[in-house]
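As written in Swiss-Prot, here are the features:
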CARBOHYD  Asn74  N-linked glycosylation site
CARBOHYD  Pro91  O-linked glycosylation site
MOD_RES   Pro88  hydroxyproline
MOD_RES   Pro91  hydroxyproline
REGION    71-96  region 'Disordered'
SIGNAL    1-28  signal peptide
Amino acid sequence: MGCRDILLTFSVALLLISLFQIWLFREGRQVPELSDDQLGKDRNTLMTSKNKNKNEDVQRLFQRYFKGRSFGLNNTNSRFEDSNRRIPSSPDRLHN
């Protein structure tokens, strides 16, 4: 019966933890959305500026991560720069 008691204790503890998390996230603060009246005539301007900022952030992160390199599908440049390649100096694989 020792194994059954441990399993029962574990399942009750798991249930209590999940109920606590549900209670905690239910009490969380919700950010209200802006209505049409609050946005007024500038709704389209606000939406396009958000999309523009998002596109600029994506471009900035892309340039930062790939360091300005372009990875187009029709790109004829080699993917590896010649300066980063290592040419084996001997036929022995152990010493390359």
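Numbering starts at 1 and runs along the chain as displayed.
In case you wondered, yes, glycine gets a Cβ from its N, Cα and C as well.
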Cβ neighbour count within 10 Å of the residue listed as 'O-linked glycosylation site': 7
Distant-in-sequence neighbours of the signal peptide (1-28), which means Cβ under 8 A and at least six residues beyond its ends: none
